[in-house]
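Going by TrEMBL, these are the annotated features:
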- 53-161: domain 'Cadherin' (DOMAIN)
- 162-269: domain 'Cadherin' (DOMAIN)
- 319-425: domain 'Cadherin' (DOMAIN)
- 432-544: domain 'Cadherin' (DOMAIN)
- 552-575: transmembrane segment (TRANSMEM)
- 634-650: compositional bias 'Polar residues' (COMPBIAS)
- 634-655: region 'Disordered' (REGION)
Amino acid sequence: GALLVSERIDREELCGALSPCSLSFEIVVENPLELYSGAVEIQDINDNDPVFPSSQARLEISESVGAGARFPLESAQDPDVGINSLQTYQLSANPHFALDVQTRVDGSKYAELVLEKELDREEQRELNLVLTALDGGSPPRSAHVQIHIDVVDANDNAPVFNQSTYKASVRENTPSGTLVARISAYDLDDGPNGDIVYSFSSHTPTKVRELFALDSATGELRVKGQLDYEETKLYEIYLQAKDKGAVPGVAHCKVLVEVMDVNDNAPEVTVTSVYSPVPEDAAPGTVIALLSVTDLDSHDNGLILVQVSDVNDNAPKSSQDSYDVYVLENNMPGIPILNVSATDPDLGRNAHLSYTLLRGDSTVGHLFSINRENGTLYLLTSLDHEDQVEFSMIVQVQDGGSPPLATNVSVSVFVTDLNDNAPTVLYPHPNTTATYTDVVAPGTPAGHMVTKVVAVDADAGYNAWISYTLLQATDPSLFSVGLHSGEIFTARQLREDDAPQHTLVILLKDHGEPVLSASATVSISVAEIVKEVLTDLTDLAPANDPRRHVTFYLILAVILVSAAFFITMLSVGIFKCYKWRQSKELFNSSRSTLYRTPGPFHHIDAVRGGFTPPNLYHQVYLTTDSRQSDLLSKKPFTSSPLGSRQNTMRNGEPGLYHQIVGTASRLPTSAE
């Protein structure tokens with residue numbers, strides 16, 4: 001199990017400037033089978049001297065340069081790393097210059113001469129200095145370079161860069177010749193003293209000069225060699241601009257070039273077979289081989305992606321289990337009214353959804369349609385609230401898996417009402433040539449109900465709430481009409497000089513928007529003796545109505561019962577007269593109760609059922625001496641109980657009742 005060194009190790013040859021430097025290996029142990037990963041870190045020793053690119057450097061510095069001017073010097077290179085690498089520089093003693101040691105972002109050192117005392121060419125034409133580079137070894141290793149400085153006459157203006165630091169980024173596979181950055185400097189001098197030449201600074205490493213090229217005239221920095229993110233991620237490039245004067249002015253700038261990683265390294269798979277051949281009776285789970293995968297790229301480029309295939313194990317899921325949609329009646333055909341939304345977390349075909357409309361009733365397929373791809377529900381025709389108020393259906397959402405999975409979503413469409421129906425007058429009947437005349441006796445007191453206008457509105461809610469207004473009358477002061485009941489009352493007591501015939505025009509309006517209206521004409525006769533003025537209802541009833549005979553027998557029974565009561569009253573005489581007077585007083589105080597005295601008038605009143613049951617009411621038109629009568633059953637307005645109540649009857653009492661009014665003379669109270 002001992003790990004031995006088989007040959008001399010040179011860290012600089014193996015890793016270069018990378019630190020730490022390590023060599024990885026894998027060890028397989030059998031019985032039990034285990035895999036161990038290991039690494040050997042190659043530690044650096046101080047076995048390399050710093051080296052300057054040349055043994056001598058030459059500088060030309062104008063005597064006009066002021067104190068504080070800086071002059072970069074060529075950097076020494078030391079292949080060692082860490083503390084053994086180049087650590088500092090030293091400058092020989094002199095009265096004019098000091099040394100400033102700077103550190104790059106990668107930790108390397110470089111030196112700059114700083115002018116502390118201005119030069120004087122007439123006093124000293126040249127200077128010779130010695131620059132020493134030292135590493136951090138023990139003992140330290142060093143290198144020396146001779147710096148010869150020529151003091152020349154002044155060039156008034158030195159070039160100036162428009163910025164001191166430039167930043168750029170390139171991909172590591174960028175081809176040679178690609179523009180990285182463009183530096184720019186200006187010089188206020190004229191002629192050659194103002195012409196600028198761009199170049200690398202003297203302390204720019206050789207490696208940088210091999211990878212990048214600088215156009216001396218335009219200042220364009222371009223890729224020259226092959227960049228490698230895995231080797232160097234950031235380059236710090238120092239450039240300078242010189243004019244062409246006899247004593248050139250110099251300006252310096254820095255370009256930071258970031259190298260971006262590309263996926264240029266394929267994963268490396270190492271397979272170590274430890275059990276081959278495999279016996280046919282090998283148990284499930286037996287390890288056959290060990291695999292190790294590495295990738296030199298960074299971030300996402302260095303991940304190993306394992307693809308997981310999808311199985312159709314998720315049914316479509318709707319954002320809600322049911323939808324309630326409200327549509328105004330009289331809509332435009334073909335409009336979209338709903339978008340059924342569903343999702344499926346599966347992938348590919350398993351997540352492809354289709355929408356199908358399952359018929360809730362026989363009319364759904366003719367009225368509605370759904371887009372199979374996006375679940376948009378369309379209304380194919382115009383709806384009528386009075387025809388049908390609600391539609392129910394099921395939308396099935398199915399994926400494209402095998403086998404497919406599906407989810408059902410219930411949809412209810414409610415048709416909301418518009419005021420598209422005017423009030424319809426049931427009494428007096430507006431579409432007949434016969435004249436309905438109601439009779440009232442002379443001297444009738446104020447507040448006596450003469451007759452009633454009966455009307456319905458097929459709409460619902462406020463759209464079906466009918467109001468009655470007296471629009472025109474022979475004598476407007478004689479009669480009034482109930483605003484919501486349609487009942488016509490005497491507004492004052494009838495006098496002998498009142499006209500014998502009165503015609504009233506009643507205006508009926510609903511409360512919709514816009515308001516729809518109708519009118520009814522009522523004829524009232526003032527007469528002492530009741531005359532038969534009503535047209536025989538036989539003309540109004542359908543010839544094939546089988547219920548008319550039932551009505552006839554009902555009228556006959558009423559007449560017989562009335563006659564029996566009349567004979568009984570004559571036999572009891574004074575006692576019944578007394579009771580009759582009491583009941584008359586009671587009637588006058590409770591005219592609007594369940595049983596009311598119709599008075600000595602001749603008209604057709606409506607016999608209606610209450611709201612129990614709520615889905616049915618009846619209208620019976622009766623006359624005591626008619627040969628036939630009419631029984632009318634009307635389809636309920638289930639969607640508008642308020643409208644039915646307000647417009648078809650004048651009472652709010654629960655339960656079923658019948659109101660029967662004859663055209664004969666008023667019977668005694670007990671018969672009523």
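Note: Cβ is positioned from N, Cα and C throughout, glycine not excepted.
Secondary structure counts, DSSP: the domain 'Cadherin' (432-544) has 7 helix, 44 strand, 62 coil.
Across the range of the domain 'Cadherin' (162-269), the DSSP-based residue counts are 10 helix, 48 strand, 50 coil. On the 0 to 100 pLDDT scale, the domain 'Cadherin' (162-269) averages 91 in this prediction.
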